[in-house]
Amino acid sequence: MAPGGGASCKELVESWPNITRFDTTKTLIEKSITRIGEKFQKSSVHGVHELLECPVCKKSMHPPFYQCPNGHTLCTNCKIGAQNCCPTCQVELGNIRCLALEKVAESLELPCRHQNLGCHKILAYYRKLKHERHCKFRPYNCPYAGSECSIKGDIPTLILHLKEDHKVDMHTGCTFNHRYVKSNAQEVENAIWMLTVFDCFGGQFVLHFEAFLLGMTPVYMAFLRFMGEDNEAEVFNYSLEVGGFGRKLTWQGVPRSIRDSHRKVRDCQDGLIIPRSLAIFFSGGNGKELTLKVIGRIWKEHSTS
């Protein structure tokens with residue numbers, strides 16, 4: 001007996017009566033069909049999603065689908081992690097395919113799971129899984145970089161969230177002039193200033209300003225992201241400029257979509273990078289306080305075709 005009075009996977013398996021391979025196969029198929037039939041009796045779009053969802057990780061299953069001798073299904077990744085013991089009933093898993101459920105999946109056409117966000121496509125099940133990973137209506141992650149925010153949603157939802165929960169600055173217009181201050185310019189840690197959102201050309205752009213170490217060099221970096229898809233962001237350009245005492249540093253680029261995290265954009269160095277020594281010079285050279293004025297402009301590229 002296993003600790004606590006329960007039988008182990010091995011003990012449960014050894015207690016089964018000896019039956020023929022044909023009878024085992026027949027019983028498993030009958031169990032699969034029975035379980036699938038029971039779920040389809042009260043089927044709906046939600047019910048179908050639930051049927052094809054791994055009960056362990058709660059993700060949509062890709063073939064091969066596996067099942068235990070009692071008909072409990074699970075995906076390939078969870079089968080590997082289950083160490084050959086069914087997570088639902090604790091019997092030995094073996095290597096049994098759930099062919100009945102795979103056939104059901106092949107025959108289905110289902111709406112995209114992002115239907116409530118605006119996607120109205122009806123897709124074959126296996127095409128649906130691939131489509132949903134790249135669907136333009138899938139929710140965006142919150143672009144706020146000051147914390148690990150878990151909120152997701154469409155753009156209007158995120159705009160309201162940024163305004164009410166993160167208290168970010170909201171501006172209308174395509175030009176800006178921002179002043180960033182740091183009390184001790186000789187100390188650069190991973191500092192992140194408050195996000196700023198600009199509403200122009202019918203879209204929203206977020207301006208980031210951060211301090212971090214680039215290798216062994218302390219730097220400041222400013223960059224812009226677009227609240228939308230990559231193909232929408234690509235029609236815009238922006239410029240950033242910082243300077244003082246007759247000198248200036250400029251950057252021109254294309255805003256990245258918020259599909260790319262702020263860390264990814266930062267690590268690609270896709271923005272205006274200001275070494276600390278130059279930032280101190282622009283601030284007056286005394287090193288006591290950093291004061292940087294970042295001037296920016298957003299514009300839309302006109303098609304020549």
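Note: Cβ is positioned from N, Cα and C throughout, glycine not excepted.
Annotated domain 'RING-type' per TrEMBL: 54-90, in sequence order. Feature annotation from TrEMBL assigns domain 'SIAH-type' to 107-167.
The domain 'RING-type' (54-90): residue composition by secondary structure is 6 helix, 6 strand, 25 coil, according to DSSP. Summarising model confidence by region, the domain 'SIAH-type' (107-167) averages a pLDDT of 88. Secondary structure of the domain 'SIAH-type' (107-167) per DSSP, as helix, strand and coil residue counts: 24 helix, 10 strand, 27 coil.
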